[in-house]
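Here's what TrEMBL has on this protein:
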type	residues	note
TRANSMEM	6-29	transmembrane segment
TRANSMEM	41-63	transmembrane segment
DOMAIN	42-260	domain 'Rhodopsin'
TRANSMEM	83-107	transmembrane segment
TRANSMEM	119-139	transmembrane segment
TRANSMEM	159-182	transmembrane segment
TRANSMEM	194-212	transmembrane segment
TRANSMEM	232-255	transmembrane segment
(Lines of atoms letter the chains of each structure in order from A and count residues from 1; the text may use other names and numbers.)
(Lines give C-alpha, C1' and ligand atoms only; values in the text may rest on other atoms or scores of the structure.)
Protein backbone atom coordinates (compact mmCIF):
# COMPACT_ATOMS: atom_id res chain seq x y z
CA UNK A 1 0.00 0.00 0.00
CA UNK A 2 1.35 3.42 -0.99
CA UNK A 3 1.46 6.24 1.55
CA UNK A 4 -1.22 8.75 0.51
CA UNK A 5 -1.25 10.91 3.64
CA UNK A 6 0.75 13.73 2.06
CA UNK A 7 -1.56 13.83 -0.96
CA UNK A 8 -4.57 14.01 1.34
CA UNK A 9 -3.15 17.05 3.15
CA UNK A 10 -2.07 18.84 -0.04
CA UNK A 11 -5.42 18.35 -1.79
CA UNK A 12 -7.32 19.39 1.33
CA UNK A 13 -5.27 22.57 1.71
CA UNK A 14 -5.74 23.49 -1.95
CA UNK A 15 -9.51 22.97 -1.76
CA UNK A 16 -9.78 25.10 1.37
CA UNK A 17 -7.92 27.93 -0.35
CA UNK A 18 -10.30 27.72 -3.32
CA UNK A 19 -13.32 27.78 -1.00
CA UNK A 20 -12.00 30.75 0.97
CA UNK A 21 -11.21 32.79 -2.15
CA UNK A 22 -14.64 32.00 -3.64
CA UNK A 23 -16.55 33.17 -0.57
CA UNK A 24 -14.45 36.30 -0.07
CA UNK A 25 -14.75 37.25 -3.75
CA UNK A 26 -18.48 36.58 -3.70
CA UNK A 27 -19.16 38.74 -0.66
CA UNK A 28 -16.80 41.61 -1.46
CA UNK A 29 -17.97 42.12 -5.04
CA UNK A 30 -21.66 42.25 -4.10
CA UNK A 31 -21.51 43.49 -0.52
CA UNK A 32 -23.78 46.48 -1.14
CA UNK A 33 -26.59 44.06 -1.97
CA UNK A 34 -25.71 41.12 0.25
CA UNK A 35 -25.29 43.10 3.47
CA UNK A 36 -29.10 43.18 3.65
CA UNK A 37 -29.33 39.39 3.34
CA UNK A 38 -28.05 38.69 6.84
CA UNK A 39 -29.44 35.17 7.21
CA UNK A 40 -28.15 33.78 3.93
CA UNK A 41 -24.75 35.46 4.28
CA UNK A 42 -24.41 34.11 7.82
CA UNK A 43 -25.18 30.61 6.57
CA UNK A 44 -22.63 30.97 3.77
CA UNK A 45 -19.92 32.07 6.19
CA UNK A 46 -20.89 29.24 8.55
CA UNK A 47 -20.49 26.83 5.64
CA UNK A 48 -16.96 28.10 5.03
CA UNK A 49 -16.06 27.85 8.73
CA UNK A 50 -17.39 24.29 8.96
CA UNK A 51 -15.48 23.37 5.80
CA UNK A 52 -12.23 24.78 7.20
CA UNK A 53 -12.72 22.85 10.44
CA UNK A 54 -13.48 19.68 8.47
CA UNK A 55 -10.33 20.15 6.39
CA UNK A 56 -8.28 20.62 9.54
CA UNK A 57 -9.70 17.38 10.93
CA UNK A 58 -8.77 15.51 7.74
CA UNK A 59 -5.22 16.85 7.96
CA UNK A 60 -4.96 15.65 11.55
CA UNK A 61 -6.27 12.23 10.51
CA UNK A 62 -3.70 12.06 7.69
CA UNK A 63 -0.91 13.01 10.09
CA UNK A 64 -1.91 10.15 12.38
CA UNK A 65 -2.43 7.39 9.85
CA UNK A 66 -5.12 8.12 7.28
CA UNK A 67 -3.80 6.85 3.95
CA UNK A 68 -0.53 5.62 5.45
CA UNK A 69 0.99 2.26 4.65
CA UNK A 70 3.16 1.86 7.75
CA UNK A 71 1.86 0.16 10.92
CA UNK A 72 0.18 2.50 13.40
CA UNK A 73 0.52 2.76 17.15
CA UNK A 74 -2.54 2.52 19.38
CA UNK A 75 -2.37 6.25 20.07
CA UNK A 76 -2.29 7.02 16.34
CA UNK A 77 -5.34 4.84 15.74
CA UNK A 78 -7.29 6.64 18.45
CA UNK A 79 -6.36 10.13 17.22
CA UNK A 80 -7.07 9.20 13.60
CA UNK A 81 -10.52 7.85 14.45
CA UNK A 82 -11.40 10.92 16.50
CA UNK A 83 -10.27 13.19 13.68
CA UNK A 84 -12.27 11.20 11.13
CA UNK A 85 -15.32 11.36 13.37
CA UNK A 86 -15.00 15.14 13.67
CA UNK A 87 -14.58 15.44 9.92
CA UNK A 88 -17.70 13.37 9.26
CA UNK A 89 -19.88 15.53 11.50
CA UNK A 90 -18.48 18.74 10.04
CA UNK A 91 -18.89 17.35 6.52
CA UNK A 92 -22.62 16.84 7.07
CA UNK A 93 -22.93 20.35 8.51
CA UNK A 94 -20.96 21.90 5.64
CA UNK A 95 -23.15 20.39 2.94
CA UNK A 96 -26.31 21.17 4.89
CA UNK A 97 -25.42 24.78 5.64
CA UNK A 98 -24.40 25.37 2.02
CA UNK A 99 -27.76 24.14 0.77
CA UNK A 100 -29.66 26.13 3.40
CA UNK A 101 -27.77 29.28 2.40
CA UNK A 102 -29.00 28.96 -1.17
CA UNK A 103 -32.60 28.20 -0.22
CA UNK A 104 -32.80 31.02 2.33
CA UNK A 105 -31.46 33.49 -0.23
CA UNK A 106 -33.93 32.29 -2.86
CA UNK A 107 -36.78 32.52 -0.35
CA UNK A 108 -35.88 36.12 0.50
CA UNK A 109 -35.78 37.05 -3.18
CA UNK A 110 -39.24 35.55 -3.70
CA UNK A 111 -40.81 36.89 -0.51
CA UNK A 112 -42.70 39.64 -2.34
CA UNK A 113 -43.84 37.51 -5.29
CA UNK A 114 -46.24 35.14 -3.53
CA UNK A 115 -44.30 32.15 -4.89
CA UNK A 116 -42.23 31.34 -1.81
CA UNK A 117 -44.35 28.66 -0.10
CA UNK A 118 -42.84 25.75 -1.99
CA UNK A 119 -39.33 27.07 -1.26
CA UNK A 120 -40.20 27.28 2.43
CA UNK A 121 -41.48 23.69 2.37
CA UNK A 122 -38.33 22.48 0.60
CA UNK A 123 -36.17 24.37 3.11
CA UNK A 124 -38.05 22.68 5.95
CA UNK A 125 -37.40 19.23 4.48
CA UNK A 126 -33.76 20.14 3.96
CA UNK A 127 -33.40 21.26 7.57
CA UNK A 128 -34.96 18.03 8.86
CA UNK A 129 -32.58 15.99 6.68
CA UNK A 130 -29.53 17.85 7.97
CA UNK A 131 -30.56 17.50 11.62
CA UNK A 132 -31.40 13.79 11.31
CA UNK A 133 -28.18 12.94 9.48
CA UNK A 134 -26.07 14.97 11.91
CA UNK A 135 -27.60 13.07 14.84
CA UNK A 136 -27.09 9.69 13.13
CA UNK A 137 -23.45 10.45 12.34
CA UNK A 138 -22.82 11.79 15.85
CA UNK A 139 -24.21 8.56 17.34
CA UNK A 140 -22.84 6.08 14.79
CA UNK A 141 -21.11 4.17 17.62
CA UNK A 142 -22.27 3.43 21.15
CA UNK A 143 -21.31 6.17 23.66
CA UNK A 144 -18.98 7.18 25.11
CA UNK A 145 -16.59 6.14 22.32
CA UNK A 146 -18.81 7.36 19.49
CA UNK A 147 -15.71 7.68 17.28
CA UNK A 148 -14.44 4.10 17.71
CA UNK A 149 -15.45 2.35 14.49
CA UNK A 150 -12.69 -0.24 14.92
CA UNK A 151 -13.33 -1.59 18.40
CA UNK A 152 -16.67 -0.09 19.36
CA UNK A 153 -20.25 -1.24 18.93
CA UNK A 154 -21.36 0.68 15.86
CA UNK A 155 -24.10 0.94 13.31
CA UNK A 156 -23.36 -0.08 9.73
CA UNK A 157 -21.10 2.89 8.93
CA UNK A 158 -20.94 2.13 5.22
CA UNK A 159 -24.74 1.87 5.20
CA UNK A 160 -25.01 5.28 6.84
CA UNK A 161 -22.88 6.91 4.17
CA UNK A 162 -24.65 5.13 1.34
CA UNK A 163 -27.95 6.46 2.69
CA UNK A 164 -26.44 9.92 3.10
CA UNK A 165 -25.05 9.92 -0.44
CA UNK A 166 -28.34 8.82 -2.00
CA UNK A 167 -30.35 11.34 0.01
CA UNK A 168 -27.85 14.07 -0.83
CA UNK A 169 -28.44 13.39 -4.52
CA UNK A 170 -32.22 13.50 -4.02
CA UNK A 171 -31.94 16.76 -2.07
CA UNK A 172 -29.84 18.29 -4.84
CA UNK A 173 -32.46 17.29 -7.40
CA UNK A 174 -35.08 19.00 -5.22
CA UNK A 175 -32.98 22.17 -4.95
CA UNK A 176 -32.66 22.27 -8.74
CA UNK A 177 -36.27 21.34 -9.52
CA UNK A 178 -38.20 23.56 -7.09
CA UNK A 179 -36.61 26.90 -8.11
CA UNK A 180 -36.74 25.94 -11.80
CA UNK A 181 -40.47 25.24 -11.54
CA UNK A 182 -41.09 28.53 -9.74
CA UNK A 183 -39.06 30.57 -12.21
CA UNK A 184 -41.21 29.38 -15.11
CA UNK A 185 -44.25 30.76 -13.27
CA UNK A 186 -42.78 34.23 -12.76
CA UNK A 187 -43.12 37.07 -15.24
CA UNK A 188 -39.48 37.14 -16.25
CA UNK A 189 -37.81 37.40 -19.62
CA UNK A 190 -36.41 34.22 -21.15
CA UNK A 191 -32.87 35.46 -20.57
CA UNK A 192 -33.46 36.03 -16.86
CA UNK A 193 -35.15 32.65 -16.50
CA UNK A 194 -32.20 30.93 -18.11
CA UNK A 195 -29.76 32.79 -15.84
CA UNK A 196 -31.58 31.68 -12.70
CA UNK A 197 -32.03 28.09 -13.85
CA UNK A 198 -28.37 27.91 -14.88
CA UNK A 199 -27.29 29.11 -11.43
CA UNK A 200 -29.19 26.23 -9.85
CA UNK A 201 -28.34 23.79 -12.63
CA UNK A 202 -24.64 24.03 -11.78
CA UNK A 203 -25.53 21.94 -8.74
CA UNK A 204 -25.35 18.94 -11.05
CA UNK A 205 -21.67 18.97 -10.10
CA UNK A 206 -22.71 18.17 -6.52
CA UNK A 207 -24.67 15.18 -7.81
CA UNK A 208 -21.70 13.96 -9.85
CA UNK A 209 -19.41 14.29 -6.85
CA UNK A 210 -21.81 12.35 -4.65
CA UNK A 211 -21.96 9.52 -7.18
CA UNK A 212 -18.16 9.28 -7.25
CA UNK A 213 -17.98 9.33 -3.47
CA UNK A 214 -20.49 6.48 -3.22
CA UNK A 215 -17.99 4.30 -5.07
CA UNK A 216 -15.58 4.57 -2.11
CA UNK A 217 -18.05 3.99 0.73
CA UNK A 218 -17.15 0.30 0.68
CA UNK A 219 -13.77 1.24 2.19
CA UNK A 220 -15.51 1.75 5.53
CA UNK A 221 -15.96 -2.01 5.78
CA UNK A 222 -13.17 -3.44 7.92
CA UNK A 223 -11.54 -6.63 6.67
CA UNK A 224 -8.94 -8.98 8.11
CA UNK A 225 -6.30 -7.57 5.77
CA UNK A 226 -7.34 -3.99 6.53
CA UNK A 227 -8.58 -3.81 10.14
CA UNK A 228 -8.03 -0.06 10.38
CA UNK A 229 -9.87 2.71 8.47
CA UNK A 230 -6.65 3.96 6.86
CA UNK A 231 -7.98 3.20 3.38
CA UNK A 232 -10.94 5.60 3.59
CA UNK A 233 -8.63 8.38 2.39
CA UNK A 234 -10.31 8.33 -1.03
CA UNK A 235 -13.72 8.86 0.55
CA UNK A 236 -12.24 11.61 2.71
CA UNK A 237 -10.82 13.42 -0.32
CA UNK A 238 -14.18 13.11 -2.07
CA UNK A 239 -15.81 14.69 0.97
CA UNK A 240 -13.43 17.65 0.77
CA UNK A 241 -14.08 18.02 -2.96
CA UNK A 242 -17.83 17.92 -2.33
CA UNK A 243 -17.51 20.58 0.34
CA UNK A 244 -15.68 22.87 -2.08
CA UNK A 245 -18.21 22.21 -4.83
CA UNK A 246 -21.01 22.89 -2.34
CA UNK A 247 -19.46 26.24 -1.43
CA UNK A 248 -18.87 27.20 -5.06
CA UNK A 249 -22.43 26.28 -6.06
CA UNK A 250 -23.70 28.19 -3.01
CA UNK A 251 -21.76 31.28 -4.13
CA UNK A 252 -23.18 31.27 -7.66
CA UNK A 253 -26.65 32.63 -6.68
CA UNK A 254 -24.92 35.58 -5.02
CA UNK A 255 -23.63 36.78 -8.38
CA UNK A 256 -24.96 40.09 -9.64
CA UNK A 257 -26.50 38.51 -12.74
CA UNK A 258 -28.60 36.20 -10.57
CA UNK A 259 -29.73 38.92 -8.16
CA UNK A 260 -30.69 41.28 -10.97
CA UNK A 261 -33.10 38.65 -12.29
CA UNK A 262 -35.51 39.53 -9.47
CA UNK A 263 -36.60 43.13 -10.12
CA UNK A 264 -39.69 42.80 -7.92
CA UNK A 265 -37.82 42.21 -4.67
CA UNK A 266 -37.16 44.98 -2.16
CA UNK A 267 -33.59 45.53 -3.32
CA UNK A 268 -33.12 47.20 -6.67
CA UNK A 269 -29.75 45.96 -7.85
CA UNK A 270 -29.51 48.48 -10.63
CA UNK A 271 -29.75 51.35 -8.17
CA UNK A 272 -27.21 49.78 -5.85
CA UNK A 273 -24.70 49.31 -8.63
CA UNK A 274 -25.28 52.83 -9.87
CA UNK A 275 -26.98 51.97 -13.15
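Just so it is clear, glycine is given a Cβ too, placed from its N, Cα and C backbone atoms.
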Chain residues in Cβ proximity to the transmembrane segment (119-139) (below 8 Å; excluding those fewer than six residues from its ends, i.e. six or more beyond): 88-89, 92-93, 95-97, 99-100, 103-104, 106-107, 110, 146, 155, 160, 164, 167, 171, 174-175, 178-179, 182
Contact call for the transmembrane segment (6-29) and the transmembrane segment (232-255): at least 3 Cβ pairs under 8 Å, seq gap 6+: yes
